[in-house]
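Novice: Sequence annotations record features per position, and here TrEMBL assigns signal peptide to 1-27. Taken from TrEMBL, the feature region 'Disordered' covers 31-91, 198-221. Taken from TrEMBL, the feature compositional bias 'Polar residues' applies to 31-49. What TrEMBL records for 97-230 is domain 'Superoxide dismutase copper/zinc binding'.
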């Protein structure tokens, strides 16, 4: 009988193969599972979860952008507790805006939202009297506190910039008046920009140079187009 030349696999070869397979299995972490789909790998996880509300790179909801500043005021023109408010109306009695006034440290923060105004800059001031009648001249001149007589006046604020659509929003602050100073006074929007008496001496006028008394007292801001009593 002829002797077979076929050799049986040696256990010495099988054993290393099994050892390599076992090593590959132990290399997987407890949090991963091997994939049975060709060409895929298990996901990688870290020990820290993703922050709540964090956005992805593609269409996720990331941190919201700040579009308005919070200064203690309420929503929709409602003043914070202890704050004040003025409803701004034009000469026809139409509502053109709202102002909220709150105290923040040693400053007042004034937020004005308006619509239906002429595009451009408009002077904005607290005035002496709390009446808004006729052409609003009833409100008197710009508010001066105590014995103050400097220019700009105590009640002068940053001008209101109105966009092409007639709307405006301004957040400004002042330390020249307090809530008590402005309560019961009028807040006036003028037809033009306020120059705050800033007329350089190189400009000549009849009788001298620089700003005259009218410019100092009014800022040449023109007529009064909106008025509201602070309360």
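Every residue, even glycine, has its Cβ placed from backbone N, Cα and C.
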Novice: On the 0 to 100 pLDDT scale, where does the domain 'Superoxide dismutase copper/zinc binding' (97-230) sit on average?
Specialist: 91
Novice: With DSSP as the reference, give the number of residues of the domain 'Superoxide dismutase copper/zinc binding' (97-230) in helix, strand and coil.
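Specialist: Secondary-structure composition of the domain 'Superoxide dismutase copper/zinc binding' (97-230): 13 helix, 50 strand, 71 coil.
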